[in-house]
Amino acid sequence: MAHLLSASCPSVISLSSSSSKNSVKPFVSGQTFFNAQLLSRSSLKGLLFQEKKPRKSCVFRATAVPITQQAPPETSTNNSSSKPKRVMVIGGDGYCGWATALHLSKKNYEVCIVDNLVRRLFDHQLGLESLTPIASIHDRISRWKALTGKSIELYVGDICDFEFLAESFKSFEPDSVVHFGEQRSAPYSMIDRSRAVYTQHNNVIGTLNVLFAIKEFGEECHLVKLGTMGEYGTPNIDIEEGYITITHNGRTDTLPYPKQASSFYHLSKVHDSHNIAFTCKAWGIRATDLNQGVVYGVKTDETEMHEELRNRLDYDAVFGTALNRFCVQAAVGHPLTVYGKGGQTRGYLDIRDTVQCVEIAIANPAKAGEFRVFNQFTEQFSVNELASLVTKAGSKLGLDVKKMTVPNPRVEAEEHYYNAKHTKLMELGLEPHYLSDSLLDSLLNFAVQFKDRVDTKQIMPSVSWKKIGVKTKSMTT
């Protein structure tokens, strides 16, 4: 199990048993402590274990191989003389979470990562692999320390285990929690019954535990929760930022904007939003829900500092996002896979803007009892528009880019009205990176650089919204 959770970590692992209550201690430039019990009683149980095994109290201690390179601490860009704010990044080993953790650390926040590393396990289970080779979380954090002098603490465990999460909260005492720690793929949630159940249990129960942890151990803590623009669906009216004012039968009220989720994943995000809104009202929690659009790109200033800091980039049909997938398809000469009519329109943003938006939300926290909703994207594109942009950019690089129409595996409108508001983050200072020719060139060149790592069998969609069933499905057969 430890091997699965940190498959690429060059570490020394020892196992000790104890009848006493396990304590949670952070990784700080060299050590990790995580509780194996939490995995056996969490939502990971069905994914990790093929048969029931006796439970025992144990603690894994993994000591990362030390890195000798050391740099002096970087001068802070934060002019405040007060104690640096402490930010817990849940899901900090993932695509958006890793980039965010590094960005906040560089900005002089005290950062810890909480992660069960299950995203890496999904790759093992489904036969998938990031386009980019990624280092273990232990090597990543050690390299960051060596290059910048800044420490990132690491708590390896499952937030669906409240005891683990509570101990992490009490140990780190965060001022803000950035919550990326959810199963984030709509196709994954539609593979079969077990993945649908896992997605909803992991996401909804995990977020509930975070809310209870804030209530019990950090009532002033600000929750920055990553939601999704997919909560709204594709209504035939403008999409507002979280709330809409309605006049009905002569009476007017401002209400939460209607939700029309299109997968079990998106539904889990809707449930999260309702639970967070309720606890803000009932308990006075302060929360910001960032309804994020589709993220593209892989490079940030921090992840480009060293190859061991490199972020993952998914190109497969389960975890890959549209623009990233198209660029990889173009790089290997595979026709761009346009689902259905290709008129599906969504909000998009560069990963550099993801980290910027999170920083803005932390620096401008919600008030006590306030449930604040920001729509987090910078531009809108249809699938056909993205395909045209990639085709044009690819031709400049000498790539022969073609397009193919694929029967849509999803249940969604393929031609529709779409106009979503996204002004609140701009008003707070977001400086967006718009999709430009130079950015597309960079992303395409990056895909070409690693094209030998592409498994073309993973490009075509194999998950159907209508064919989901009870039987557990293997993606490798």
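Backbone N, Cα and C define each Cβ position, glycine as well.
Here is what Swiss-Prot records for this protein:
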{"type": "ACT_SITE", "residues": "Thr228", "note": "active site"}
{"type": "ACT_SITE", "residues": "Tyr265", "note": "active site, proton acceptor"}
{"type": "ACT_SITE", "residues": "Lys269", "note": "active site"}
{"type": "BINDING", "residues": "Tyr95, Cys96, Asp115, Asn116, Leu117, Val118, Arg119, Asp158, Ile159, Arg184, Asn202, Tyr265, Lys269, Val295", "note": "NAD(+) binding site"}
{"type": "BINDING", "residues": "Arg184, Thr228, Tyr265, Gln292, Ala322, Leu323, Asn324, Arg325, Thr337, Val338, Tyr339, Arg410, Val411, Glu412", "note": "substrate binding site"}
{"type": "REGION", "residues": "1-21", "note": "region 'Disordered'"}
{"type": "TRANSIT", "residues": "1-86", "note": "transit peptide"}
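Positions of the features from Swiss-Prot, shown on the structure.
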residue	record	DSSP (3 states)
Asp115	NAD(+) binding site	strand
Ile159	NAD(+) binding site	coil
Asn202	NAD(+) binding site	helix
Tyr265	active site, proton acceptor	helix
Ala322	substrate binding site	helix
Tyr339	substrate binding site	strand
Val411	substrate binding site	coil
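In the three-state DSSP assignment, the secondary structure recorded for Thr228 (active site) is strand. In this structure, Arg119 is the one among the recorded positions Arg119, Lys269 with the smallest number of other Cβ atoms inside 10 Å of its Cβ. Counting other C-beta atoms within 10 Å of each candidate's C-beta, the binding-site residues Leu117, Ile159, Ala322, Val411 are led by Ile159. Tyr95 (NAD(+) binding site) falls within a helical segment according to DSSP. For Asp115 (NAD(+) binding site) paired with Arg184 (substrate binding site), the C-alpha to C-alpha distance reads 14 Å. Using a 10 angstroms CA-CA radius around Lys269 (active site), the recorded positions that qualify from Tyr95, Asn202, Thr228 are Thr228. Applying an 8 A CB threshold to same-chain residues 6+ apart, the list for Thr337 (substrate binding site) reads Ala317, Arg325, Phe326, Gln329, Met404, Val406, Ile459, Met460, Pro461.
Taking the C-alpha positions, the distance from Ile159 (NAD(+) binding site) to Val411 (substrate binding site) comes to 31 Å. Long-range Cβ contacts of Tyr95 (NAD(+) binding site) within its own chain (separation 6+, distance under 8 Å): Val295, Asn311, Arg312, Leu313, Asp314, Ile351. When the alpha carbons of Val411 (substrate binding site) and Tyr265 (active site, proton acceptor) are compared, the span between them is 14 angstrom.
When the Cα atoms are compared, Thr228 (active site) and Arg119 (NAD(+) binding site) turn out to be 19 Å apart. Across the annotated binding residues for NAD(+) (Tyr95, Cys96, Asp115, Asn116, Leu117, Val118, Arg119, Asp158, Ile159, Arg184, Asn202, Tyr265, Lys269, Val295), the two most widely spaced Cα atoms sit 25 Å apart. For Asp115 (NAD(+) binding site), the number of other Cβ atoms no farther than 10 Å from its own Cβ, over all displayed protein chains, is 27. Taking the Cα of the residue listed as 'active site, proton acceptor' as the reference point, the closest of the binding-site residues Leu117, Arg119, Arg184, Asn202, Asn324 is Arg184.
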